[in-house]
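Remarks on the structure that follows.
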C-alpha cells in the first residue's frame, strides 16, 4: 500500500495514556500479569515491604547462628542468552518498550504468553507498568536481545499470588525479546549513508519529492518497500501528506542522497499503528533514496555548457531546428537519446510540436551551442508520465547539442573571405565556371570536397544542375575569390536530404572560383561581342558562289571566336555547337545556306546589350 505506511490523510487524535489494564491481561479477571493494577499496587507494595523487613530480620539472625542456607533468591537473576551484534541504545528508566515474552514457573510450566495473545506488551519502564522484577530486569536491554529474567516472589506477586494462575510466594521466569524502545524526548534520528558529489538544491517545505524506500520496524521486520512495487513514493513535503517524522527527515536531502531514519511512534502512527503490518506504539526505520525533487512553482532551468563564438543569430519561435540530445531523469538514468537513434531530432520551435519546457528552452540558442535544460514535470509529461520509461511527476534533464536551425524566410548567407585586387569580370547566369568547394554541416561534419578529385567542379550557372542556394552563391564572383556560404535547406536538399545529406540540413560551403567562361543567353548558341558585319552573308560566302556549306560556315564562326568578336555557348564541343547553328539556318536541309535562309535573331539577354545571332 503506497500510502498506508507513509502518508496519513486524517488528523491524528490527541494521545491518550496507555491503559495499564490493556496489556498483560488474561481471560481470568482475577489474574494480573507482570504489571500491578492501578488501585491495588500501593497496598500490595506496602504489605510486601513490611513482610520483607520481618523476613530480613529473621534471616540476619539465622545467618549468624547457623550455616548459610541458599533458601529463596533475594534478587532477580538475568540471563542474557542472546545479545545482538549492534545495539544503538539500551533501555533506561523512563523509556517506553514493546516486547514479547513467555512467563513460566521454575519448572517450565507456562502461565502467560504475549505470543498467545498475538500482541506484544507495551509500557513505560520505571513507572510501575509492570511487576518490579521485570521492570528492573529489562534495564540495559537492546532491541532484538533475548533475556531470561528470574523474579523472586517479593518482586513479583508476593504472598498473595495472582488468582488461580500464579500461586503465592512463587518465583517466576520471564523469557523476553525486546522489539522496540523509545522515549518521549526522542526526535527523528537521521544518519546520512551517502551524498552526491554535487548538490545544487535540497528538499524544502512544499517541494514535491519522489523517493524509494525500505521500511522496517525497529526489530528489522519489513512492513513495506517501494522497490517491491517498482514505483517510487511521491509526495509533497511539509503539507501533511506524510507522517511527521518523514516530513522532518526529508528536509535538506539532495537527489541521489541516501538517508537512514529512525522515527519514534508519536511521529509515526502512534498508539493505533496501521493495519496488520505496523503495530501500535511502533518505531519505524526508513532507508530512503531521494530520486527526484521539484516545486510546483518551478520554471525550466537552462545551463549553457558551451556557447560558440561568434553567434551571429539566435533561434526564435517559428524556426526549424535540428539537435541531438541525451534525456535522463534527475537521478541520472537515461530514458532516451537521439544518438541511439542515429539521427537528429527535427522540429519547429515555439509552435507546440514539443513538450512545453523544451519548446521554451530551445529559444535563444546558437548553432553549435550545448545546453542543459531541466524541466519540472508540469512543463514535461506531468503526473501521468510517458510509457514505462518516464514515471509520473518526473523531472527531466535534456543535454542538447544544437546542430542547426533556420527559418523558411532565410536567404543564402554569403561572406567573402578573399577577393583579388584586379577583377575585370564576374560570374553570372549562363556562365561556365570551375570552382573548388568544401561542403559540411554546421557542426563541422564534412560531407563533400572537390579536393577529392583531380579537377575542379564545373557548371553552367542557372542551368539547374546544382542546388539553388549554391548556384546563387557562385554568382558575381571574381576568379580567385573565396567565399563562405550558408545555405538553408529550402535552398539546398530540403526536408528529405540527399545521400549523406540529412533532411532539413543547413549546409556550409567554402568556395573558390578557379575559372570563368562567359556564357550566352538561354536558347542561344553564339553571340556577337562586337557589331556583326553589315553584309553578313557576303562575309560567310567567302568564294562568292551565293551559297554557304558547313565547312565555310564553320571556318567563319571559329575565326570570329578567335578574334574575340563572338562567343560560342560554353561547356560544349565547339564543332557540335556550330553544326547545330548551321542546321538552324539550313532551313530546307539541303546542306547549304542561301541568303534567303539566313536570318538574324535579336538578342534579349539580361544586360539589354544588343547582340545578333546567326
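Heads up, the Cβ atoms here are built off N, Cα and C, so glycines get one too.
Curation does not apply to TrEMBL; its annotations are automatic.
Annotation source TrEMBL lists compositional bias 'Basic residues' at 1-18.
Annotation comment: TrEMBL describes 19-34 as compositional bias 'Polar residues'.
Positions annotated as domain 'PPIase FKBP-type' by TrEMBL: 94-182 (among others).
The domain 'PPIase FKBP-type' annotation in TrEMBL covers 206-294 (among others).
On the 0 to 100 pLDDT scale, the model's mean across the domain 'PPIase FKBP-type' (318-406) is 96. Summarising the annotation, TrEMBL assigns domain 'PPIase FKBP-type' to 318-406 (among others).
For 430-517 (among others), the entry in TrEMBL reads domain 'PPIase FKBP-type'.
Sequence annotations record features per position, and here TrEMBL assigns domain 'EF-hand' to 528-563 (among others). Per-class residue totals from DSSP over the domain 'EF-hand' (528-563), listed helix then strand then coil: 18 helix, 3 strand, 15 coil.
Taken from TrEMBL, the feature domain 'EF-hand' covers 573-608 (among others).
The region 'Disordered' annotation in TrEMBL covers 1-34.
Of the ranges 206-294, 318-406, 430-517, the one with the most Cβ pairs under 8 Å to the domain 'PPIase FKBP-type' (94-182) is 206-294.
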